[in-house]
Amino acid sequence: IISPCKEHLSMKWLHIELMYLTGFGNEFASEDPRCPGSLPEGQNSPQVCPYGLYAEQLSGSAFTCPRATNKRSWLYRILPSVRHKPFTPINCGNLSENWNEVEPDPNQLRWMPFTVTKASEKKVDFVSGLHTICGAGDSKSRSGIAVHIYTCNTSMINRCFQNSDGDFLIVPQKGEILITTEFGKMMVEPNEICVIQQGMRFSVDVFGETRGYILEVYGAHFELPDLGPIGANGLANPRDFQIPVAWFEERTVASGYTIINKYQGKLFSCQQDFSPFNVVAWHGNYTPYKYNLENFMVINCVAFDHADPSIFTVLTAKSTRPGVAIADFVIFPPRWGVADRTFRPPYYHRNCMSEFMGLIKGHYEAKEEGFQPGGASLHSIMTPHGPDFDCFEKNSTAELKPERVAEGTMAFMFESSFSMAVTKWGLETCQRLDKSYYKCWEPLKSHFNPNWRPSSPIV
Ligand SMILES: [Fe+2]
């Protein structure tokens, strides 16, 4: 009985103690207060850095990218990252970049909540609990995406992870995660998201059974969507993004600290005898960050018709084709529904994009049942989808008064222009596929009345 309370107290303490810088993509500067003056002034690479630190640049864009997209940070650390033993391949578990493991499946797919192994059965940390469910493209050509489910019950101990292939957008669904990065610490709880960009090392502490979703993008970084006629404000506002502050540990690990590197779709590990979280100060615009979905300023229809879900875009990873995303991260937050003479739930739809959905909490508005928190669905390119029978019938006759929509709910979508393949784990191994999903549309019946005339109402 005492132990959970202690755990709870320590989490509260962390929430209070953790500090953040704010602003999306700003030029930040941070130094651990234990070492004042550790950030060199007026230059990046002094002959000798303050406190005898090593200077190391982490590049997130080509050196020559235009200023608007140029990303890099300078890290001032006790030892440089290069001081490690050679990388060797390790077992990838259920992490995969093989999109040809099983035959393509264009059906509507829905998964029941993914199983989290109990710690008493087997200890699983964030990296060993990564499962690739679908994706497309190729990390070698820097083009594509992958969707992973993480389920874990144990903190990473003397282990950190680095994704050389792309960015991770992490969506916790169950359990807070404390992420220690080279830039500092972030606590991310369900209904918040975080982005760990390509190459940034991080380690994840958990506080019980933990589950969430990851959108990995190989060839681009996430940015805020353009607002067009919406104007200067709205949707996810830049000031609400939080960035960790510098924090370091000078810790020797005689037994070996393991760096796990996801490289060209495979996992490799190497050993070093010190903690990689040895960055005393840093500056730059290439950082991890987090965002609370409660801060999303929702724009929606106030007259008639159902707006396209792009109005709910939090972050986008743009392709080189104008207006076409490699992947958008879209949410369906609590809001008012007020549209007149309108079928208010999402419309029936066939899309040239892939739509992967997850549910953080609550009850999704287009499905009366079956889509549960911690589960998922995939509506592939041109695969028909839309409200189930109950949702259609109820909302075709409902009195159209102002009402709260999605109260207590947070559903999200990873929408991609890539045609995603489902992995063997997703279709078979996880054993969470709901084979009866198609049945939610079977009762839909024809309301066609050839005798209908403009003056007669449909009944
Ligand atoms: Fe859709």
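Placement of Cβ uses the backbone N, Cα and C atoms for every residue, glycine included.
What TrEMBL records for 19-293 is domain 'Homogentisate 1,2-dioxygenase N-terminal'.
Under the heading domain 'Homogentisate 1,2-dioxygenase C-terminal', TrEMBL lists 295-448.
Summarising the annotation, TrEMBL assigns active site, proton acceptor to His306. His306 (active site, proton acceptor) is surrounded by 15 other CB atoms, counting those within 10 A of its CB over all protein chains shown. DSSP assigns His306 (active site, proton acceptor) to coil in the three-state reduction, placing it in neither a helix nor a strand.
Cβ neighbour count for His385 (Fe cation binding site) (all protein chains, 10 Å cutoff from its Cβ): 20. Reduced to three states, the DSSP call for His385 (Fe cation binding site) is strand. Under the heading Fe cation binding site, TrEMBL lists His349, Glu355, His385.
In sequence order, Phe332, Met357, Phe371, Ala406, Thr409, Ala411 are the residues near Tyr364 (homogentisate binding site), counting only same-chain partners six or more apart with C-beta under 8 A. What TrEMBL lists as homogentisate binding site is Tyr364, His385.
With a CB cut-off of under 6 A applied against ligand 1, the recorded positions His306, His349, Glu355 are reduced to His349, Glu355. Long-range Cβ contacts of Glu355 (Fe cation binding site) within its own chain (separation 6+, distance under 8 Å): Ser377, Leu378, His379, His385, Met413, Phe414, Glu415. Within the same chain, residues at least 6 positions away in sequence whose Cβ sits under 8 Å from that of His349 (Fe cation binding site) are His379, Pro384, His385, Gly386. Within 8 Å of the Cβ centroid of the Fe cation site, not counting the listed residues His349, Glu355, His385, the chain contributes Pro346, Arg350, Asn351, His379, Thr383, Pro384, Gly386.
Here the domain 'Homogentisate 1,2-dioxygenase N-terminal' (19-293) has a mean pLDDT of 97 out of 100.
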